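According to TrEMBL, the protein has these features:
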type	residues	note
REGION	1-34	region 'Disordered'
COMPBIAS	11-34	compositional bias 'Acidic residues'
DOMAIN	57-337	domain 'Deacetylase sirtuin-type'
BINDING	85-89, 95-97, 167-170, 262-263, 286-288, C323	NAD(+) binding site
ACT_SITE	H187	active site, proton acceptor
BINDING	C195, C200, C221, C224	Zn(2+) binding site
REGION	347-390	region 'Disordered'
COMPBIAS	347-367	compositional bias 'Basic and acidic residues'
COMPBIAS	368-377	compositional bias 'Low complexity'
Amino acid sequence: MSDASALPKEAEEEEEATPEPEDQSDDSSGEEAAGDTEMDFLRNLFSSTLGLGSADKVLDELTLDGVAQYIKSGKCKNIICMVGAGISTSAGIPDFRSPGTGLYANLLKYNLPYPEAIFQIDYFKKHPEPFFALAKELYPGQFKPTICHYFMKLLKDKGHLRRCYTQNIDTLERVAGLEGGDLIEAHGTFYTSHCVSFSCRKEYDLDWMRDQIFSEDIPRCDKCSSLVKPDIVFFGESLPVRFFTSMKMDFPRCDLLLIMGTSLQVQPFAGLVGRVSKSCPRLLINMEKAGQADPLFGLLGFGGGMDFESDKAYRDVAHISTCDDGCLALAELLGWKEELEELVKQEHAKIDSQDKKEKAGESKGESGEVSSAASVAPEPTKEEEEEEEE
């Protein structure tokens, strides 16, 4: 399954080198990240070559039920979720690369020189119109979180979730109830925006950007008049500093890696699967198997080499299904299915109710404007009430 909010595959080589963050206060952060990558390489090479660092088998069986039994054992308190576009497709958000239905297959109307240009920072600065037209179609607030999103919320509520690392920019993890501290938004987010001028960098919130996009204006900074861009990672930009600092703390402590809805093709995100300990079980819920490294690459330590089928397989489980179906199946094995379904039902009802209130307010405001325009001498108090409703 493709990564809806991941960056295009053509830029993978560009991303593979650990970027030096633009906003870092410590100039050595980028060098330290690169050094860690080199040490990981050497450590994995020697461990694999010399047979060092053998791991105990944690799961009783390499099945979804085996994973469920491990979670229920009480030994699993630091689950890390790695998620991509596949967890949001059932909400109506297209992924990038699926033939015919993916985002890249439907960008002809924007007259781009090539599909990926819409997410390249240099092209954006010269031609921002295509991106903001697309943003209007996909803007957060128009979609509801999926069963998968709420399953992660349930993991948090039950004390099992350490962190969610997401490639998505749709903010649905936040809508489902995960907070900023629960999330590493590896490819950025619409949640905040900044002026693109390095000498300004004024920050704007989600509501401000939404108003700009839906008024069909190109968002510009009210301080310096430069473009304002949502804080999603474009080609030519660094990944968030927090991505690199958090992974050093989180992954060594991880006791179950839950990978959902990602093809594990885009670096450096894909390489995270290799940062957990050798004893840490890894469960993939996806429409197809992903992350299986070439034997040579596995020897050299690239990408962690998911192993679902060989005689040496001892910790990796692949559950081939939609992310929602996989989460429901796992929830049932955990005895959480009814609780999960009720959570989804209640939260979707809240969202629907809020949407109705907002639409009713907008409709009332619009009818008030028409009435005021037709009235020769509208009462001031009535106008004030209508403005408040708008």
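Cβ coordinates are placed from backbone N, Cα and C, and glycine is handled just like the others.
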Seminar exercise, completed: Spacing of the two Cα atoms, the residue listed as 'active site, proton acceptor' and C200 (Zn(2+) binding site), in whole angstrom, works out to 22
For this session: Among C195, C200, C221, C224, these being the binding-site residues, pick the one whose CA is nearest to that of T262 (NAD(+) binding site).
Result: C195
Seminar exercise, completed: Top of the binding-site residues C224, M287 by count of other CB atoms within 10 A is M287
Problem set entry | Sequence-distant neighbours of C200 (Zn(2+) binding site) in its chain (C-beta under 8 A, six or more apart) | C221, K223, C224, S226
Exercise. Just checking, which of S88, T262 (binding-site residues) has the fewest C-beta atoms within 10 Å of its C-beta?
Worked result: S88
For this session: Determine which residues of this chain, when C195, C200, C221, C224 are set aside, have a Cβ within 8 Å of the centroid of the Zn(2+) site's Cβ atoms, and list them as they appear in the sequence.
Result: V196, S197, S199, R201, K202, K223, S225, S226, V228
Seminar exercise, completed: Quick tally, other C-beta within 10 angstroms, N168, C195, C221; top of the binding-site residues is N168
Seminar exercise, completed: Integer Å value for the Cα distance linking A85 (NAD(+) binding site) with C195 (Zn(2+) binding site) is 27
